[in-house]
Amino acid sequence: MRHLLSAADLDAAETTGILDLAEEMALVQGRPVKKLPALRGRTVVNLFFEDSTRTRSSFELAGKWLSADTINISAKGSSVSKGESLRDTVLTVASMGVDALVIRHMASGAPLQAARWFAELGLGVHVVNAGDGTHEHPTQALLDAFTLRRHFRASQPDAGRDDHQPFAGRRIAVVGDITHSRVARSNVELLTTLGAGVVLVAPPTLLPAGVDTWPVEVRDDLDRVLGEVDAVMMLRVQRERMSGGYFPTPREYTVGYGLTRARLGLLRPGTAICHPGPMNRGLEISADAADSAGSLILDQVAAGVSVRMSVLYLLLGGADESGAVR
Amino acid sequence: MSPTSPLTSTPTTTDVLVLGADLAGAGPANLLIRDGVFADPADARPDAVRVDAYGLVALPGLVDLHTHLREPGREDAETVTTGTAAAARGGYTAVLAMANTSPVTDTAEAAEHLLDVGRATGTAQVVPIGAVSKGLAGEELAELGLMARSPAQTRVFSDDGRCVADARLMRRALEYVRAFDGVIAQHAQDPRLAGPDACCDEGPVSGRLGLPGWPAVAEAGIVARDVGLAELTRSRLHVCHVSTAETVDVLRWAKARGIAVTAEVTPHHLLLTVDELLGYDPTFKVNPPLRSAEDVAAVREALTDGTIDVVATDHAPHARHDKEHAFVDAAPGMLGLETALAVVVETMVRPGTLGWREVATRMSSVPAHIARLGGQGRPLAVGEPANLTLVDPTRRATVDRAASVSLSRNNPWHGRDLPDPVVATWWAGRATYGR
Ligand SMILES: [Zn+2]
């Protein structure tokens, strides 16, 4: 693996490999001293053009626990407004002897463009997409898959389910603003790669153009979907969408597409509840749902570090000949 | 013609005798260039420079209705000198220069200034397009009449880059230019449906890439409104860079109804599709965006049947750093002058859809007529201005953006094998390109 730019670039075997290694990394999190020497002397830069405390600290911890030197660079605001081109900004950072560049950008495609510029110049820096515009957020999808895989393996409601195919036959609902959600795009790619069925539930204004060509089911009746799925992934509603004419009022949104307390009763026992955070409690998800027994929201956060450790480790070649973690 | 032919240094006082070229599909004949016009080949002086053009096609010098020269204001992207050199390299003898320069061409003085710069430094005729609205702001009419009556004799008015979205202003503009036989060239983009961020044809690709969508109806809707206004005002409307099948349908309807509307298509909309965007390469960011394969088929068919009247380049040079941003932030536009005929040969001539006579019509005489340019787009005949492009219909080459004579390098054809038709260009009897 040269870069991690898109969940679409990962096949099932690669994904499973990342998740399996993340399980090993998770063991480290339980130790009193949470440090592996694997990436000692390597440098990982978090280049964030857009704020995200959660994702940034998760990558930072992942790097630190692998003993890499991690630096955060905040390039807030559009590079255009600062007068410097994106190409100049990323090349400047990459030229400082960096091994991996974790890029978050408000524009779709920016990390892919960076990777192409590096390739053109023969720079060996590895790029990780930490969220690009409304395109993708592949490590979020990996951590979601990690969390769900653990949950499915633990619950095993159907006898005889193959432990090696934990997603086979599962149906996962992704609910809310699909159009603007990089989390949704990456999850659609990754979950379908793993063999799960994905059901998108959203008002038509928040469904992306061409969604009929995606390998998913599209529904608009959340109440009828809830009893048919093994997991519900609630998406954050962004504030600017509320005034953008995508739906009439927050109240109407909640009535139509919020995971309210009443809707909890429609879930089958053992149905997982996920949310990429930060949550708008009371809008897309009720406090009852967020804090319920089925909620995996905090597990997702913990999984984030393990998964990012796994990704950095695989990209930076920390494995020895046998593939074992040093 | 020999590659060592000293065409570019041919003094205009010497006769040039072009032998055996196929005159735009009418069959082989000789042409004599003398004192800037075509003369009777039988009168050629014995010392005439003889150009062997057997197997080549002679076209009247091409006329581009839609060029961005960037001068004044962005001379780091293109100048009149480099832009017209690119034009000559592409077989053009006249370019209409869009008004969205800095300052905007929205006064008689600005138009006249550009005319003078063109005369002083151009290797093709530079015809200023006037802005429709002051500062392209879309609020008040620019001094359309003064520009028309200036030495620039502006007849084409456009806020290109921006749509004249206000229906009342568009109506007034159409009404007003009727007094001096002007035409309003509209960049059709409903700003509420396809706002400033819109950069990808709205469809499966925009949905997958997470790029702001630019729906086809944002173009067709404005065109539908504008043909209605053109009918109401009995005035001339020209639709810039038609990109969608829906717009073609509207144009077909309007023409059947007898409305005075003309339309252009760019080379890139004739060949490239939205799939080029899958790598987020800003070279392929253009406005209107590249569309689907169905749209490409529709605009080709419309160009064939005359629903779309002309090919225009929308030559849009950009400095490198303006393209090296994230896709949504990068400047829209691509180079076009040097490769336009190549793309038309590839998409229309080689498949047998258009003959050379139609190429001459759609790339020279009709654009000249739309812009009311008397001295361009004329037949290759004795007494006419010697605007001539010699074309090799068989030659191909791999496009190399480094070989461009434009100042810019945002060339979407880089690395692509395409026809390389233009052999030589004469503008008013003066050799402006030759190899
Ligand atoms: Zn335009």
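Cβ coordinates are placed from backbone N, Cα and C, and glycine is handled just like the others.
What TrEMBL records for the carbamoyl phosphate site is A:ARG54, A:THR55, A:HIS137, A:GLN140, A:GLY277, A:PRO278, and among A:ARG87, A:ARG104, A:ARG241 the residue it adds there is A:ARG104.
Rounded to a whole number, the distance between the Cα atoms of A:ARG182 (L-aspartate binding site) and A:GLN140 (carbamoyl phosphate binding site) is 9 Å. Taking 8 Å as the upper bound (exclusive) on CB-CB distance to chain B, the binding-site residues A:THR55, A:ARG182, A:ARG236 give A:ARG182 in sequence order. The binding-site residues close to A:ARG182 (L-aspartate binding site), defined as a CA atom within 10 A of its CA, are A:HIS137 out of A:ARG54, A:HIS137, A:GLY277. Distance noted between the C-alpha atoms of A:ARG54 (carbamoyl phosphate binding site) and A:ARG236 (L-aspartate binding site) is 14 Å. The domain 'Aspartate/ornithine carbamoyltransferase carbamoyl-P binding' (A:2-149) scores a mean pLDDT of 93 in the predicted structure.
Once the Cα atoms of A:ARG54, A:THR55, A:ARG104, A:HIS137, A:GLN140, A:GLY277, A:PRO278, the listed binders of carbamoyl phosphate, are compared pairwise, the greatest separation found is 16 Å. Cβ atoms within 8 Å of the centroid of the Cβ atoms of A:ARG54, A:THR55, A:ARG104, A:HIS137, A:GLN140, A:GLY277, A:PRO278 (the carbamoyl phosphate site) belong to the same-chain residues A:SER52, A:SER58, A:GLY131, A:VAL183, A:PRO276, site residues excluded. Sequence-distant contacts of A:GLY277 (carbamoyl phosphate binding site), defined as residues of its own chain at least six apart whose C-beta falls under 8 angstroms from its C-beta, comprise A:ARG54, A:ARG236, A:ILE297, A:GLN300, A:VAL301. Compared over the binding-site residues A:ARG54, A:ARG104, A:HIS137, A:ARG182, the count of CB atoms lying within 10 A of a residue's CB peaks at A:HIS137.
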